[in-house]
Structures are given as C-alpha cells and as structure tokens.
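Participant: Okay, handing you the structure first.
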Amino acid sequence: MLASNVIILLAINNIVTCGRIDWEVEKSSSFWYEQAQLSIEEALNRRDNTRIAKNVILFLGDGMGLSSVTAGRIRKGQIKGQLGEDFLTEMEQFTNLGLAKTYNIDRQIPDSAATATAYLCGVKAQFGTLGVDGRAKRSNCSNSVGTNVTSILDWAQQAGKKVGIITTARITHATPAAAYAHSAERDWEGYDTKRFGIRETREGCRDIAHQLVLRSPPIDLVFGGGRRYFYPNTMVDVENPKLNGSRTDNRSLIDEFWHGRFIWNKNQMDKIVLGTSTPLMGLFEYNHLYFETDRIVNRTDKPSLSQMTKFAIEHFLNMKQNGFFLLIEGGRIDHGHHDTKARYALDEFVEFDNAIGQAVEILKEKDLLNDTLLVVTADHSHVFTIGTYSTRGSNILGFGSLESLNVSEIDAFPVNIIAYGNGPNFPSPRNESYFSSIDTNTTSYLSPAAMPLSSETHGGEDVPVYARGPWSHLFIGTMEQHTIAHKMAYAACWGAYKDRNGCQSFIKSTTTKMAFPKPNGSPSISTFNFIRIIILFLLILVFV
C-alpha cells in the first residue's frame with residue numbers, strides 16, 4: 001500500500017513540476033489540490049542545512065529582475081516545446097527565496113558598479129563607484145584615496161580557498177571589477193587618456209585592468225572578454241588583425257605582469273589539464289563575449305557560460321584544495337534589455353540558467369551539493385514588462401492573441417506582450433505595413449518603449465535572491481543588498497565571520513581529516529561506528 005502511494009505521489013509530482021504541453025490536466029480541481037499538497041509536504045520536510053560551506057558560488061544575472069525571470073522561464077519552457085508558464089527553471093528549484101533592495105546610497109535607481117560593491121564587498125556605495133565605500137565620489141581619484149573596501153573574494157583567499165571569476169561581459173566591467181579592484185569610476189577600465197590617464201595616475205589611481213594583473217595573490221581563474229584594455233594601441237589583437245589594443249601607455253599588461261597562463265579561445269581551454277595550480281586567464285573576445293544566440297551561429301570556437309562554468313568547477317575540484325569561491329555572471333542579459341532587444345535578453349537568461357543547472361549537476365555527481373552554498377541574484381532590474389491578456393502558451397516574444405482583450409481599442413492593432421518603460425523604439429510604429437513586415441522573434445527587433453531614450457534604463461524594484469546549501473535559510477525575506485556578501489561569508493566562516501560560533505572546531509578539523517560538520521540532527525560517522533561495534537558485540541554474545 002505504501003509503495004503504491006509513493007508511486008502515485010511521484011507520478012503526480014512529475015505532472016505538477018514538469019512543463020506541460022497543454023493545460024487539459026489543469027481543468028480538474030483535484031490537480032490543484034494535489035499540487036498544493038505536494039508544495040506543503042515539500043515545505044514541511046525542508047530542514048535547515050547548518051554545515052560550514054566548503055564552497056560558495058554566486059551566480060549574478062546582470063539586469064535580471066523578476067519580470068525577466070518570469071519571461072525567461074516562459075521562454076525556456078517554450079524552447080523545449082512546452083507552454084512555458086508552468087515551467088520551472090534551475091534557480092527556481094532552490095530551497096530558499098528572498099528579495100534584495102538595490103538602491104545606491106545616492107541614487108534611487110542603481111548602477112551595476114555600486115550594486116556589485118554591495119553584494120561582493122558588503123557595503124553600499126555611490127553610483128558609478130566600485131570597491132570603495134560611500135565616501136568616494138564618482139570620477140574623483142584624490143577623493144577616493146583611503147576608501148578601499150575588501151571583497152568576499154579577498155576573504156575567501158585569506159581562508160585558503162581558490163577563487164575565480166567568470167563573466168560574459170568584459171572582465172573589467174562593473175560586476176567582476178568590484179571583486180578585485182578599487183575605483184572611483186567604473187569607466188576607468190583601461191589607460192586610454194580620454195577617461196583615465198596621467199592625471200589619475202599622478203593622484204595615485206590605477207586603471208581596473210592594471211589592478212587585475214597586479215593583484216597579489218592572483219585570482220586563480222579569470223574568464224571573460226575585454227582584451228582591448230590589456231594591450232597597447234600599437235599592438236594588433238591576437239584574433240582580429242583589424243583591431244588594436246586600446247591602451248595609450250604603451251604597456252602590454254599580459255606580457256609584463258600576468259604570471260600565469262593566458263588563453264583566448266575554447267580550443268585552448270579544452271587543452272588545459274584540470275587541476276593545475278598555475279593561475280589561468282581566458283579573455284575570449286576583444287570586447288564583450290558574443291550574445292549566446294549569436295555565439296551558437298557564429299562563434300562556436302568560443303566557450304558558452306555553461307562550458308566555462310563546467311570547466312571552472314571541475315578545475316577547482318581537481319586541485320583537491322580546501323574549497324573555492326566562484327563569481328559567475330550572466331552579464332549580457334543587461335545589454336539585451338538596454339537595447340530593448342528582448343530575444344537577446346531572454347536567451348541570455350536561458351543560458352545563465354543552464355549554467356546554474358550545470359553547476360548543480362557536477363556538485364551532485366561529486367557528492368558536494370550539501371557542502372556548497374549556491375546563491376543566485378541580480379544587481380538590479382530593468383523597466384521591462386510582460387503584459388496583455390495573451391492566451392496560455394502564447395509566444396512570449398510576440399503579440400497577445402487576436403481577441404478583443406489583446407487588440408488596441410485605440411488603433412485596432414495587436415499589442416506586444418513585451419514592452420519597455422523607456423528606450424530607443426519610441427514611438428513604436430503602429431500601422432499595417434509595419435506589422436506585416438516585422439518578425440518579433442529576431443534578435444534585431446526592438447520592443448516598443450513608452451518614453452524616448454537612446455538606451456533603456458535600469459529599474460528600481462527589488463530583485464530575487466535564490467539560495468540552496470549551507471545556511472541558505474539566511475537568504476529569506478526582504479534584505480538590504482549588501483547583506484548578501486555577509487551571509488555568504490557567515491556560511492563559509494570567512495572574513496569577519498571566521499571566528500563566529502561553530503567555525504573554530506570546523507577549521508581545526510579541516511587541518512587533519514578535512515571533515516565537515518553534519519546538519520543538525522544527523523549522526524556523525526563515529527556514532528555509526530560505535531553502533532556497529534555494539535551490534536557486533538551482541539551478535540557474538542548470541543552466537544556464544
């Protein structure tokens with residue numbers, strides 16, 4: 001009887017949680033009751049994991065607001081041939097969920113540099129600054145002296161962990177830069193005279209690319225784009241002979257300062273022996289990495305975010321070190337939104353979610369999932385909306401179904417499901433020739449915008465924080481964005497939390513057996529051995 005009930009529940013769970021190709025099963029009220037029952041049972045069976053996090057991975061979807069998650073969920077489900085609305089992404093399967101406030105100390109609507117300073121360094125800062133506290137004013141080098149703050153990457157290295165950064169943007173861009181650099185201006189990515197030059201150097205500042213290669217100890221793995229900022233403008237790019245570096249100080253940073261291995265394509269990445277201790281830098285594009293949609297068609301010699309993620313985790317695990325920290329950024333979700341090119345943004349979200357699934361799969365295979373804290377969040381949202389009263393399973397990139405609720409009563413033309421609060425496609429044409437000529441599924445299509453701007457802006461609403469693994473229950477509720485860094489450090493006993501209650505016994509044990517505490521209520525290995533001895537003794541007595 002018990003076995004049959006289990007089989008029935010598993011079958012129901014499969015129907016409830018897997019994406020559906022039609023909604024016939026949803027007509028029955030029993031379906032929704034069963035779904036609710038499973039949800040309650042799942043919540044009741046959930047137990048807080050209070051192990052010390054051996055590894056920490058922070059996935060950052062740049063510009064991934066709640067509306068992006070919803071639309072991305074539908075897009076991913078529809079790519080798989082499903083309706084989409086009931087699909088469950090990898091991040092949505094995490095056990096705990098909260099919301100983060102994204103404002104900067106001087107701005108209601110934030111930018112990616114100051115928000116990165118919050119969730120990586122644990123302090124809120126002023127718009128446009130990174131790796132410095134709120135005393136630093138944007139673009140003012142002399143004012144920023146003495147305002148540097150450390151990041152969770154620093155705290156992990158101090159604890160003896162391997163550290164890495166992966167991004168689909170330039171490695172000197174706002175999100176990754178906040179992990180290792182200190183700059184009063186996010187645009188000081190390289191020495192180019194226009195933004196950063198002699199004046200800033202004399203005042204004691206260094207450009208972001210220069211800070212990366214001078215970092216000591218070096219970052220163990222750095223994958224992204226942005227070769228232009230590491231080479232002089234007199235040197236031809238390693239891949240494209242029509243392009244030169246952008247530095248005007250005549251310095252080749254990789255040749256002069258990088259004491260590790262340098263690669264620039266997937267072929268070279270695939271030849272790396274996993275687990276080698278030499279620091280590794282992969283700069284796979286002159287500028288940002290290609291959008292995933294374009295990479296699949298044109299640049300398969302360059303790694304995807306999923307492939308870089310897989311490589312990095314396996315690389316660190318093969319080092320057999322005492323854990324690692326990884327920052328993995330889906331940086332171009334943001335770029336697609338700024339251009340109001342929803343196809344780019346949502347396909348970038350899909351690949352970002354694929355990378356999360358890739359990480360979970362590897363950690364599960366290595367039996368490390370319960371020892372690894374995984375956090376997924378965004379730096380900020382966008383003024384990106386999904387609306388109309390479209391029928392179930394409608395193409396998320398298209399128009400609401402042609403019924404009265406989805407056709408404008410003002411001009412009698414269909415209404416887009418996706419629109420932006422501001423951006424370049426203003427006013428969006430609305431006439432017969434326009435509607436007959438467009439294809440909303442293409443990457444070149446611009447979604448309509450309500451207000452005119454050359455580039456769409458960030459949004460100000462809270463962003464989701466998904467978490468699973470040790471101490472992931474700390475990420476429940478509405479939180480200030482800067483607490484994310486502190487909660488990760490607390491879970492792993494890093495930085496200011498290395499001496500918190502429960503950390504010292506963990507640190508001592510790792511120096512001998514590399515043993516990790518079990519969750520509350522779980523018996524230790526020594527307890528099992530003791531029980532085995534007692535049972536063996538009793539069996540001997542019975543035999544005698």
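Quick reminder: no glycine exception, Cβ is built from N, Cα and C everywhere.
When I checked TrEMBL for this same protein, it listed these features:
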- 1-18: signal peptide (SIGNAL)
- D62, H173, T175, E329: Mg(2+) binding site (BINDING)
- S112: active site, phosphoserine intermediate (ACT_SITE)
- 525-543: transmembrane segment (TRANSMEM)
Participant: Work through the binding-site residues one by one (D62, E329) and point out the residue whose CB has the fewest other CB atoms within 10 angstroms.
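Facilitator: Among the binding-site residues D62, E329, the lowest count of other Cβ atoms within 10 Å belongs to D62.
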Participant: Near T175 (Mg(2+) binding site), which residues of its chain come within a Cβ-Cβ distance under 8 Å, counting only those 6 or more away in sequence?
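Facilitator: The answer is L60, D62, S112, A116, T167, A169, L327, E329, G331, D379.
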Participant: Same-chain residues six or more away whose CB lies under 8 A from the CB of H173 (Mg(2+) binding site)?
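Facilitator: Same-chain residues close to H173 (Mg(2+) binding site) (Cβ under 8 Å, separated by 6 or more) are S112, T167, E189, G224, G226, H288, G331.
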Participant: Within 8 Å of the Cβ centroid of the Mg(2+) site residues D62, H173, T175, E329, which other residues of the same chain have their Cβ?
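Facilitator: Not counting the recorded site residues, we get L60, S112, A116, T167, T168, A169, A174, P176, G330, G331, D334, D379.
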Participant: When a 10 Å sphere is centred on the Cβ of S112 (active site, phosphoserine intermediate), how many other Cβ atoms does it contain?
Facilitator: 26
